[in-house]
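**Q** Taken from TrEMBL, the feature active site, proton donor/acceptor applies to HIS183. Marked as active site, nucleophile by TrEMBL: ASP254. The feature substrate binding site is assigned by TrEMBL to ASP65, ARG73, ARG140, LYS170, HIS171. If you look up TrEMBL, you'll see 15-288 marked as domain 'Glycoside hydrolase family 3 N-terminal'. Residues or ranges marked as site 'Important for catalytic activity' by TrEMBL: ASP181.
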Amino acid sequence: MTALGPLMVDVAGLALTEGERSRLRHPSVGGVILFARNYESPEQLAALTAEIRALRHPHLLIAVDQEGGRVQRFRDQGFIHLPPMGRLGEVFAKDRQAGLEAARSLGWLMAVQLRQVGVDLSFAPVLDLNRGVSGVIGDRAFAREPAAVAALAIAWIGGMKDAGMAAVGKHFPGHGSIAEDSHIAHPVDRRTLETIEREDLRPFLALIERYVPALMAAHVIYPAVDSLPAGFSSVWISRMLREQWRYQGAVFTDDLTMAAAEAGGEIEDRVDAALAAGCDMALICNHPDWVDRVLACREYPADPVREARLAHLLAHGHAHPPTVEQLEKDPRFAEARTWVERLYDANTETGWFLNEE
């Protein structure tokens with residue numbers, strides 16, 4: 001087996017079941033997304049990722065949402081709890097250089113700790129704007145202003161690159177200017193394309209110019225552009241992102257089991273729509289029965305371009321991530337821990353975590 005399929009799926013617990021091994025060997029599967037339920041300790045997690053890697057060659061992409069703040073699946077027992085990205089924006093507003101240094105340092109820390117346990121990708125950074133209207137985004141975003149978000153994201157991604165991890169910017173073309181949460185509702189952003197380009201798209205375009213390796217599309221409808229959510233829209237993905245802006249990186253869907261993805265129909269149709277729109281990998285989370293339905297009734301033809309984009313995400317990793325002992329001696333580790341301590345705010349700890357299953 002030489003290629004990664006277009007589906008990213010999840011697993012139930014701390015180790016693989018025989019049924020999961022069979023599912024992950026299916027040629028239509030190309031990745032695994034992990035959740036808090038898959039983590040007990042760094043040692044256990046490293047054993048789980050090693051088991052996943054051993055199933056295929058090239059190995060399946062292993063990903064997680066590890067932004068920091070309320071969206072950090074692995075924490076404690078060795079993982080440092082990172083502050084929300086919005087805290088970096090607060091530093092940046094007072095001292096631009098300090099904000100950039102903190103962003104690069106924490107991007108590196110997030111990535112290096114994940115790479116130590118065999119995780120290839122974190123779906124980060126968030127490139128949305130914090131306009132004060134979206135509870136699901138909020139302080140997951142670096143800042144309100146596009147220029148600040150772009151600058152901090154570039155620094156964060158630089159830290160990830162230093163650690164040998166590809167970045168995945170999200171949620172294209174911007175989820176921060178609407179109140180509805182796409183996990184449980186059907187968000188519609190009724191602004192003009194001119195307004196979206198002037199505001200929410202600016203961080204994405206800045207990162208596209210510098211080649212961010214991957215993007216994740218939003219389950220948001222922008223009627224001024226298309227009647228379909230961005231992740232199902234060939235206008236957004238193929239015509240604008242690929243053709244107009246010449247983006248060559250990988251494009252992930254957000255979780256296709258979210259409420260906002262219902263616009264795509266049944267799960268099989270959602271995957272079809274996302275891939276037809278130009279996405280490279282479709283996420284199906286927390287519904288293994290839905291995954292099995294797709295695997296039973298769909299066969300995805302080889303796509304060398306898509307496969308190359310996904311394989312490129314594996315190429316960022318250094319051959320040997322540092323050991324725990326090596327990391328503790330690295331001055332960058334001490335610097336990052338200092339930033340974590342400086343940015344910690346006990347008054348905002350409660351409720352940091354989101355969608356932890």
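Note: Cβ is positioned from N, Cα and C throughout, glycine not excepted.
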**Q** Of the recorded positions ASP181, HIS183, ASP254, which sits closest to LYS170 (substrate binding site) by Cα distance?
**A** ASP254
**Q** Grab the pLDDT values for the domain 'Glycoside hydrolase family 3 N-terminal' (15-288) and give me their mean, rounded.
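**A** Reported value for the domain 'Glycoside hydrolase family 3 N-terminal' (15-288) is a mean pLDDT of 95.
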**Q** At a 10 Å cut-off from the C-beta of ARG73 (substrate binding site), count the other C-beta atoms across all protein chains.
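**A** Excluding its own Cβ, the number within 10 Å is 24.
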**Q** So, three-state DSSP: helix, strand or coil for LYS170 (substrate binding site)?
**A** strand
**Q** Would you measure the largest Cα separation among ASP65, ARG73, ARG140, LYS170, HIS171 for the substrate site and round it to whole Å?
**A** 18
**Q** Looking at the recorded positions listed here (ASP181, HIS183, ASP254), whose Cα lies nearest to that of HIS171 (substrate binding site)?
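**A** When the Cα distances are compared, ASP254 comes out closest.
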**Q** Across all protein chains in the structure, which of the recorded positions LYS170, HIS183 has the highest Cβ count within 10 Å?
**A** LYS170
**Q** Translate the DSSP assignment of ARG140 (substrate binding site) into the three-state scheme.
**A** helix
**Q** Within 10 Å of its Cβ, which one of these recorded positions (ASP65, ASP181) has the largest number of other Cβ atoms?
**A** ASP65
**Q** Within 10 Å of the Cβ of the residue listed as 'active site, nucleophile', how many other Cβ atoms are there?
**A** 27
**Q** Closest to HIS183 (active site, proton donor/acceptor): which of the recorded positions ASP65, ARG73, ARG140, ASP254, going by Cα position?
**A** ASP254
**Q** If I restrict to non-local contacts, at least six residues apart, and a C-beta distance under 8 angstroms, what lies near ARG140 (substrate binding site) in its own chain?
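**A** Result: GLU67, GLY69, ARG70, VAL71, PRO84, MET85, GLY86, VAL126, ASP128, ASN130.
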**Q** For ASP65 (substrate binding site), which of the three DSSP-derived states applies: helix, strand, or coil?
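**A** Note: ASP65 (substrate binding site) is coil by DSSP, not helix or strand.
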